[in-house]
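Annotation comment: Swiss-Prot describes 25-45, 49-69, 98-118, 121-141, 145-165, 176-196, 222-242, 245-265, 277-297 as transmembrane segment, evidence class sequence analysis.
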Amino acid sequence: MNTQARLTSTQWKARFKGYVQVTKPGIIFGNLISVAGGFLLAAKGDVDLVLMLASLVGLSLVVASGCAINNCIDRDIDAKMQRTCKRVTVTGEIPLSHVLLFGIALGVLGFGILALFTNTLALLFAAIGYVVYVGIYSLYMKRNSVYGTLVGSFSGAVPPVVGYCSVTGQMDMGAVILLLMFSLWQMPHSYAIAIFRFNDYAAAKIPVLPVAEGMAKAKHHIVLYIAVFALVSTMLPLAGYTGTAFMAVTCATSLWWLTMALKGYRQDVDMPRWARQVFGFSIITITALSVTMALDFQAVSQTPLFTLVR
């Protein structure tokens, strides 16, 4: 009996771990930082803790839902990739229908929290980001188009905008800059992953840029997107949304990231190692900017492009 009980306990622990893994906790944590950054930038020191908690929890559940359903959709290509071949949706450790229902339940709960505590615009952005990620990117673009990364970058840029709009209830220039900034950041971040995971993507026949059009073109795009990202990031302080501290941090991190990317043109470059460095510093860059904009906000007058309040 004791042995059987221990075995059952072990199985339940493994099952729980599997459910956690399908939500991709690393992605959730990264999005939490960007949501908090957008929220605190908009709040400008006048923080509604209940609203902030609801925005963080609601959006995290929505992201977790999208990731779980993405695991269901990608199970066939995940089986061909070394990095993902042991996911529970591939091994059958958890039935596919259970993961799908789990994802739906997370989505209902997440959208419910956003609907109850935030406003129409924040909810709308969360819904659009979800549809783009699950319905357009995961179901079609990722498998069939080199532009899948570009489409997916929009959904990846939604979380800070949801945080921002939860406070303002309006789409102003600050929200537009955040959307552009985080969309641009996604591109070199994702291309770097595609380079050091090249063999996996090639095996699964996923037409990411390095696989579909070559490493050289991917390097050009990485440098170009980092350069444009650096310029767009300066718009927050130039438009008065943040101060000199943010300007200093964005210039320092972006220029260092760009310098790192340019090293990819060396003749003797170790491409996988270089790509991992570009990827790693992309996380440092966006984390630093999210934290700095949360602290270095300015009381700029917000002129809405349009307003949707609850």
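Glycine is no exception: its Cβ is also placed from the backbone N, Cα and C atoms.
The recorded stretches the transmembrane segment (245-265) and the transmembrane segment (145-165) do not share 3+ CB pairs below 8 A when only pairs 6 or more apart in sequence are counted, and are therefore not in contact. Using a cut-off of 8 Å between Cβ atoms, the transmembrane segment (49-69) and the transmembrane segment (277-297) share fewer than three residue pairs, counting only pairs 6 or more apart in sequence. Note on the transmembrane segment (98-118): residues 19, 22-23, 50-51, 54-55, 57-69, 71-72, 88-89, 126-127, 130, 162, 165-166, 310 of its chain, located 6 or more positions outside it, place their CB under 8 angstroms from a CB of the stretch. Long-range neighbours of the transmembrane segment (25-45) within the same chain, counting only residues 6 or more positions beyond its ends whose Cβ lies under 8 Å from a Cβ of the stretch, are 52, 55-56, 59-60, 63-64, 67, 159-168, 174, 178, 182, 241-242, 283, 286-287, 289-291, 293-295, 297-299.
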